[in-house]
Amino acid sequence: MKLHLHPLSLVFFFFFFFFRPTMSSNQHDYSDALSKSILFFEGQRSGYLPNDQRMTWRRNSGLSDGWTHNIDLTGGYYDAGDNVKFNFPMAFTTTMLAWSVIEFGEFMPSSELRNSLVALRWSSNYLLKSVSQLPNRIFVQVGDPIADHNCWERPEDMDTPRTAYAVNAPNPASEVAGETTAALSAASIAFRSSDPGYSQTLLQNAVKTFQFADMYRGAYSSNDDIKNDVCPFYCDFNGFQDELLWGAAWLRKATGDESYLNYIESNREPFGANDNVDEFGWDNKVGGLNVLVSKEVIEGNMYNLEAYKASAESFMCSLVPESSGPHVEYTSAGLLYKPGGSQLQHATTISFLLLVYAQYLSRSSLSLNCGTLTVPPDYLRRLAKKQVDYILGNNPMGLSYMVGYGERYPKRIHHRGSSLPSIVDHPEAIRCKDGSVYFNSTEPNPNVLIGAVVGGPGEDDMYDDDRSDFRKSEPTTYINAPFVGVLAYFAANPGSS
């Protein structure tokens, strides 16, 4: 006999898991958080800033990027609190911004949908530049990370080498090219109605980028010419095969082409997509891949892809504490926890997948089957909402982990531009080591990076507002990007539970 997971039958469980005494139960302003989560990206911009730049303490930077290769590589985003443009996580950021618009754009106010598309275009434009010399060359990074991380200076003052790192055929860069394929494909869908010409350009470049990724299979971090500069920052720890499947899946979604359907069907097992199904982030795409492809099974009756749906359901069930089988770990206060730093990247990406899968199930009037449990879509939304509310302040610290949201939030984040005096207030350059005094200061950052979500607390739910503890205090673009979609949903459905 199946146990149906409904509030009336599990009152005690829901009360204990979702309303623990350590939590505040304040209602959050998800619309405000949504606006700020998008605004954050303006603080990460590289290149020439537009006249309507809202994060006004920032100025132009990285204006010579690409000149050593006689190519314009200006634009894009700095990944985190440094001044390097790492294409691997930037492409993932782009994919997730686009997916946020695709799945949840309908829930956004028109002004925030516009702002989301502006944020998306800022990175997709840069990625187009990075693949402009295909079929023989792809650019994967701009900025010497060793030199950059040895300095504490504003992006506007950068005097460290702005090395442009290229991978030339037949050397491989499958993980970066595969993720860039996904990013350009997803962006092409996001822009399809508002800018069809640009959408087509994105898609054409996605196709040729995938050809490079698949023809020259292998990891860019195994390339002797660049591996010491991409590792240990954004090494390919999980293998490149998941990015090939991920890129093909997005091309399938963008084109409807049967060849990509055949690719993801025939390569699932050879590429190991049945492993590590409970992971999703800038390095491991398997969790997101399974959810994305599941839509074809749930809504399109493509039962030849049933294995992807089975893995997606296994992942979803691992998030349900009452289900049998392996579970992901939660902190005592209910935050999704995985070993390593920057915990909130897991909370935002997995919350995104929970909401997307709940949407797929709801549209087909289905529930999730976890052994003897039948889990309705609203339960998945409840799990996601708990993560969101934790991030926004319902946690033992009583602290919002989004900068600028709520009354209490991190003031000493690990971020060069935010922690140094702005070029508006201090026009003179602050050179490499001269910024150390600001890094070591216990004073709050002078420039508020509104909307930035920091790495977050440890397994004990504790957080020290310490600039030097980058694992906890550093924001990243790939923490925020999926959070845009999550917040869009709850801004429109604040009572969803």
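Glycine too: its Cβ is placed from the backbone N, Cα and C atoms.
Note that the structure is a prediction, hence the values are computed from the model and not measured.
The following features are taken from Swiss-Prot:
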ACT_SITE  D82  active site, nucleophile
ACT_SITE  H414  active site
ACT_SITE  D465  active site
ACT_SITE  E474  active site
CARBOHYD  N440  N-linked glycosylation site
SIGNAL    1-24  signal peptide
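Structure with Swiss-Prot features highlighted.
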residue : record                      : contacts (Cβ under 8 Å, 6+ apart)
D82     : active site, nucleophile    : P145, D148, H149, R416
H414    : active site                 : A80, G81, V454, R467, S468, D469, F470, S473, E474
N440    : N-linked glycosylation site : S468
D465    : active site                 : P410, K411, R412, S473
- Query: Including all protein chains displayed, how many Cβ atoms other than that of E474 (active site) lie within 10 Å of its Cβ?
  - Reply: 21
- If you run the three-state DSSP split on E474 (active site), which class comes out? coil
